[in-house]
Amino acid sequence: MSKDAEITFAEHDENFRAGFASFVGRPNAGKSTLTNALVGAKVAITSSKPQTTRHTIRGIVHRSDAQLVLVDTPGLHRPRTLLGQRLNDLVVDTLSEVDVVGFCLPADQKIGPGDRFIAGQLTKLPHKPVVALVTKTDTVPRDSLAEQLMAVDQLGREHLAGEGKQADGFAAIIPVSAVAGEQTDVVADELVSMMPLSPPLYPEGELTDEPEAVMVAELVREAALEDVRDELPHSIAVVVDEMIPREGRPEGRPLLDVHVSIHVERDSQKAIIIGRAGSRLRAIGTAAREGISKLLGTPVYLDLHVKVTKDWQRDAKKLGRLGF
Ligand SMILES: Nc1nc2c(ncn2[C@@H]2O[C@H](COP(=O)(O)OP(=O)(O)OP(=O)(O)O)[C@@H](O)[C@H]2O)c(=O)[nH]1
């Protein structure tokens, strides 16, 4: 973000609110899509594959009366690997610093052990308001939505009520469809009402403060996730090795060289990513390059390398090197 942008109290109403909110929920619960719908631009990566959001990505909602900084977190889930454990720790750390937590529960899926696990984790944050967001309401008929709302209320009362915890379960329960654009304003209003009185935290127009390299890596990862199945999505980590302007380009025709490594855990996975005669890797490159050019506002030459980093999810040193 631009550090030189000055913001002063005087320019803003004394009732202005600003603060941080974070969405949690099982993989695929709709957190990224909701973030994007609220922010109005593509900042978090969405995909139908679970666990695509590994990095804490902020989207910023600018309103005349408030600024809402959304911290998008990875899915909280029962840890099975070292990576899983680290991600959970990261999520709980993040949550302890935000003003309100939005717990996303898809309308089209019954509440299950995964949701109860998350609700249990949220009790580690005793004084934090938790708003339940029943997502994807466009996918279910009205009567099953009503049932889901009651089940969610029950979940809140079971986990977030009682001494030392939230007094009455969830602070609010809001049905929303990010895809149909229904009730997203109600979600924003509710989250804003829980922000402290504060001047804006970021300059106007800022959408995210995620470092560009992380967003570039996420765009490549999103492209690599297209059409891959089973355990492969969890085995892909993407690192931007270098981004440098090409030298000797003609005036007004810049080109950015972007060097990216796609790490997988096994040789067989490397073969899948590369595809027959390199066809999949080329498709990944084409798809990602377009998004990266748009993001950075300049033509890019994208150089992709696929590397096998054996069992990186279970190796503390390798995790560190890949930025976890
Ligand atoms: N019909 C419908 N689909 C939705 C809605 N919100 C999200 N989806 C779809 O649900 C899938 C998962 O959405 P994401 O926003 O990526 O979910 P997430 O919770 O961020 O997922 P992770 O990053 O894996 O934790 C995608 O295929 C979305 O298009 C919605 O309001 N309606």
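A Cβ is built for glycine as well, from the same backbone N, Cα and C atoms used for every other residue.
TrEMBL: automatically predicted annotations, no manual curation.
According to TrEMBL:
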- 25-32, 72-76, 135-138: GTP binding site (BINDING)
- 17-200: domain 'Era-type G' (DOMAIN)
- 228-310: domain 'KH type-2' (DOMAIN)
- 25-32: region 'G1' (REGION)
- 51-55: region 'G2' (REGION)
- 72-75: region 'G3' (REGION)
- 135-138: region 'G4' (REGION)
I want to verify one value. Collapsing DSSP to three states, which class is Asn28 (GTP binding site)?
coil
Give me the DSSP three-state residue breakdown of the domain 'KH type-2' (228-310), ordered helix, strand, coil.
33 helix, 27 strand, 23 coil
Tell me the residue counts in helix, strand and coil for the region 'G4' (135-138), as DSSP assigns them.
2 helix, 1 strand, 1 coil
For Gly25 (GTP binding site), what is the tally of other C-beta atoms lying within 10 angstroms of its C-beta?
23
